[in-house]
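The structure is given below, and queries will be raised subsequently.
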Amino acid sequence: LPLLLKATLLCLASGSYHPFYNGFYYNHIMNDNGDGQDKVDYFNGARLVVETSKDPVYSYNGANVTLPCHYRYEPDQGPKRKIRIKWSKLRDDYTKEQDVLVAIGKTYMAFGDFKGRAHIRQASRHEASLVISDVHLKDDGKYRCEVIDGLEDESDVVDLRLQGIVFPYQPPRGQYRLNFHEAEQVCQDQGAILANFNQLFQAWSEGLDWCNAGWLADGTVQYPIRLPRKPCGGVHLAPGIRSYGPRHRHLHRFDAFCFSSALKGEVFYLDRLAGMTLEEAKQSCQDAGAEIARVGQLYSAWKFLGLDRCNAGWLADGSVRYPIVTPRANCGPAEPGVRSFGFPSKGRFGVFCYRER
């Protein structure tokens with residue numbers, strides 16, 4: 001042991017020690033001089049400050065969005081050598097962050113689903129903003145902008161929120177039939193994803209009141225109550241989000257709360273004098289250069305495009321629904337919403353179709 005300690009001290013004293021860097025992120029883009037020499041810069045006494053937007057950045061499905069991030073030095077150091085920029089997405093369940101992009105100078109590398117969709121905008125000095133094109137539903141969330149200058153490493157967080165709508169979903173089999181993974185799939189089948197807590201809370205603040213518990217993206221089971229009542233936690237509890245907490249993702253079964261954003265296309269209604277079966281409805285949409293609409297698309301068209309139709313129509317999951325913006329006689333309850341006839345095994349109705357613009 002004394003010999004090993006002596007050898008270690010001699011190694012450090014000789015100046016042969018090199019600072020550690022994370023080769024996973026940087027070994028391909030340590031510099032863009034093409035000379036194969038990796039340079040490590042050291043903190044030179046200036047304080048590094050990183051700042052992002054304090055307010056959420058809002059976008060929608062299919063759009064392009066810029067997450068602002070700027071850095072500076074106190075005191076200002078004038079022109080600087082290349083620094084390293086890393087963007088990562090914080091997960092809802094607080095597990096390991098998702099890698100989005102790393103960059104040095106004009107050289108960058110995007111990871112996973114962000115490949116081909118993410119790059120750094122450096123339109124001004126000391127800018128490290130992240131540009132995401134063709135925004136996906138699952139891009140919603142918090143992002144960390146990290147700037148690394150030698151031994152100096154500072155970061156800040158910006159919140160990307162998609163404009164969308166949360167809707168409860170039960171499959172044709174009935175109430176409380178979905179484990180977590182099945183809930184993920186049924187939301188995806190309806191052009192949506194499992195909602196996160198912030199999205200459910202926003203929907204509750206806008207009036208969503210639903211007494212059936214459903215899965216959220218973090219594996220918890222919750223439900224929003226505006227009007228306290230006995231079957232929904234009791235009359236003595238205040239309005240709010242009721243929570244069952246985390247549940248077993250395979251064994252426990254509930255409904256789902258799905259989240260859908262604004263549409264790239266349009267939802268329209270088709271009908272025949274005698275109505276249509278589900279198969280006839282699907283064919284009618286195809287004949288019109290479209291496809292039968294999914295539940296998430298109908299909800300989005302109702303909220304963002306003002307779709308108002310007092311005629312029931314088939315949807316892709318075999319349900320029959322209709323959207324009401326302006327409540328009126330013979331069109332259901334006194335509140336706006338998407339009405340449901342459930343999953344009729346037979347019957348003839350119109351159909352809601354979806355077509356990309």
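Using N, Cα and C of the backbone, Cβ positions are placed for all residues, glycine too.
In TrEMBL, annotation is done automatically, which means it is predicted and not curated.
Under the heading disulfide bond, TrEMBL lists Cys211-Cys232, Cys310-Cys331. The annotation domain 'Ig-like' is assigned in TrEMBL to 46-158. If you look up TrEMBL, you'll see 165-260, 266-355 marked as domain 'Link'. The signal peptide annotation in TrEMBL covers 1-15.
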Between the Cα atoms of Cys211 (disulfide bond) and Cys331 (disulfide bond), find the distance and write it as a whole number of Å.
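Here the two Cα atoms lie 23 Å apart.
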Under the DSSP assignment, what numbers of helix, strand and coil residues are found in the domain 'Link' (165-260)?
22 helix, 30 strand, 44 coil
Report, in whole Å, the straight Cα-to-Cα distance of Cys232 (disulfide bond) from Cys331 (disulfide bond).
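Taking the Cα atoms only, Cys331 (disulfide bond) lies 27 Å from Cys232 (disulfide bond).
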If you count Cβ atoms within 10 Å of each one, which of the disulfide-bonded residues Cys211, Cys232 comes out on top?
Cys232
Can you give me the same-chain residues 6 or more apart in sequence from Cys310 (disulfide bond) with a CB-CB distance under 8 Å?
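For Cys310 (disulfide bond), the qualifying residues are Tyr322, Ile324, Arg328, Asn330, Cys331.
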Near the Cβ of Cys331 (disulfide bond), how many other Cβ atoms are there if near means within 10 Å?
15
Check the domain 'Link' (266-355) for me and report the mean pLDDT.
97
Do you know the DSSP helix, strand and coil residue counts for the domain 'Ig-like' (46-158)?
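Final tally across the stretch: 6 helix, 60 strand, 47 coil.
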